[in-house]
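Undergrad: Before we start, here is the structure in question, set down as structure tokens.
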Amino acid sequence: MNRAHNFNAGPAALPAEVLEKAKEELLNFEETGMSVMELSHRSKEYDNVHNKAISLLKELLNVPDDYEVILLQGGASLQFSMIPMNFLKSEETANYILTGSWSEKALKEAKILGETKTGASSKETNYDRIPELSEIDVDPKDSYVHLTTNNTIFGTQWPSFEFDWDTPVMADMSSDILCRPIPLEKFSLIYAGAQKNLGPSGVTVVILKKSLLEKIPDDIPTLLRYDTHTKSNSLYHTPPTFGIYMLKNVLEWIQEHGGLEGMEKRNKEKADILYKAIDESDGFYKGHADKDSRSLMNVTFNLPNDELNKLFLNQAKERNMIGLNGHRSVGGCRASIYNAVSIESCKALRDFMVEFQQQHG
Ligand code: PMP
């Protein structure tokens, strides 16, 4: 089977084993005589899938008992609005740490709903780094601090979470959730659209502290309130059943591959292969991110000029390497190497980078 080396930024590669399983189960899921998509979301068969996805998330992320895990729709983008709707009170200020276009978009929504400030930003250097903790201005009076743990477009990632702020921290983890273990207890709320590390698009995972739920004002519409979904086990209305089934299968795949420790080891190996190719190219390939802020998930780099960038991308495509074009705000190339992208795909890209430089360097 000719599977592409899929470096798409999202929707992105899914594990072949997960797709095979879905194929096998498609027409007759667990002897129901129908696919998961055709089951009632109130059936016991679907309920098992739903609860398994939630319990695997709890297990893999070591979710403490005082947190809730919910599965929503509307993508990470709806969370940009739901967070301030539910948690930004009129007399308070929400603090946004800007590390890329997605944090800017999150801030834009919060500004519609209330007062905001920017606790730190690396915009001045085209978001090539994560600010140092000492640069970040957090006030215990801020209603919350929002950050983006991995910046999909610029290829930067928070290297660790050493902060100890007395302010609830809310994080967009869309492009690096489950890529490595995280200290979840440092966050009051995390969220992620599924289409990078979790499954197909259409499902959004939100994990939040139960104590936050008491703060939700009465005048928020039902579907946009977090407590609607916590109270109903994410079954207030019809959930994206097939997406959640795929999420469950992806989570099982992660568990079978060593959980988050296993993912981190594999992801570091993959990222090292590509960053080494950049670092050993004598400047032919120029990485966008500062070394200390490099992402395990999105490797961004430029060739010496636009013409070479284009030629590189075209020739890569001929070799079945897909999705390597960089976002227009950085230009050049971006290899998205989410959990499901194989070490072999990274080696194939590395080999091509070396060969291309030999010919054009
Ligand atoms: N945040 C980040 C970090 C992202 O990478 C993306 C999607 N590329 C989004 C938010 C937006 O996600 P969605 O399309 O699910 O709304």
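Keep in mind that glycine also has a Cβ here, set from the backbone N, Cα and C atoms.
Pulled from TrEMBL, these are the listed features:
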| type | residues | note |
| --- | --- | --- |
| DOMAIN | 6-348 | domain 'Aminotransferase class V' |
| BINDING | ARG42 | L-glutamate binding site |
| BINDING | ALA76, SER77, TRP102, THR152, ASP172, GLN195 | pyridoxal 5'-phosphate binding site |
| MOD_RES | LYS196 | N6-(pyridoxal phosphate)lysine |
Undergrad: Given the recorded positions ARG42, LYS196, which one is most crowded in terms of C-beta atoms within 10 angstroms?
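TA: The largest 10 Å Cβ neighbour count belongs to LYS196.
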Undergrad: Tell me which recorded positions (ARG42, SER77, TRP102, THR152, ASP172, LYS196) have a Cβ under 6 A from ligand 1; sequence order is fine.
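TA: From ARG42, SER77, TRP102, THR152, ASP172, LYS196, counting a Cβ under 6 Å from ligand 1 as near, the near ones are SER77, TRP102, THR152, ASP172.
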Undergrad: Just to be sure I understand the packing, how many Cβ atoms besides its own are within 10 Å of the Cβ of ASP172 (pyridoxal 5'-phosphate binding site)?
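TA: ASP172 (pyridoxal 5'-phosphate binding site): 30 neighbouring Cβ atoms within 10 Å.
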Undergrad: Do me a favour and check the Cα-Cα span between TRP102 (pyridoxal 5'-phosphate binding site) and LYS196 (N6-(pyridoxal phosphate)lysine); whole Å is fine.
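TA: Rounded to the nearest whole number, the Cα-Cα distance is 15 Å.
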Undergrad: What other residues of this chain sit with their CB within 8 A of the center of the CB atoms of ALA76, SER77, TRP102, THR152, ASP172, GLN195, the recorded pyridoxal 5'-phosphate site?
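TA: Near the pyridoxal 5'-phosphate site, the remaining chain residues are GLY10, GLY75, THR148, SER174, SER175, ALA192, GLY193.
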Undergrad: Please find which two of ALA76, SER77, TRP102, THR152, ASP172, GLN195 have the most distant C-alpha atoms, given that the record lists them as binding pyridoxal 5'-phosphate, and give only that distance in angstrom, rounded to a whole number.
TA: 15
Undergrad: Including all protein chains displayed, how many Cβ atoms other than that of SER77 (pyridoxal 5'-phosphate binding site) lie within 10 Å of its Cβ?
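TA: For SER77 (pyridoxal 5'-phosphate binding site), the 10 Å Cβ neighbour count is 16.
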Undergrad: Under a three-state reduction of DSSP output, how is SER77 (pyridoxal 5'-phosphate binding site) classified: helix, strand, or coil?
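TA: In the DSSP reduction, SER77 (pyridoxal 5'-phosphate binding site) maps to helix.
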Undergrad: What does the structure give for the C-alpha distance between ALA76 (pyridoxal 5'-phosphate binding site) and LYS196 (N6-(pyridoxal phosphate)lysine)? Integer Å is fine.
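TA: Roughly 11 Å, rounded to the nearest whole number.
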Undergrad: Over the domain 'Aminotransferase class V' (6-348), what is the model's average pLDDT?
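TA: That stretch averages a pLDDT of 98.
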Undergrad: With every protein chain in view, what's the tally of Cβ atoms within 10 Å of the Cβ of TRP102 (pyridoxal 5'-phosphate binding site), excluding that atom itself?
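TA: I count 21 other Cβ atoms within 10 Å of it.
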Undergrad: Which secondary structure state does DSSP assign to THR152 (pyridoxal 5'-phosphate binding site), in the simple three-class scheme?
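TA: SS state of THR152 (pyridoxal 5'-phosphate binding site) = coil.
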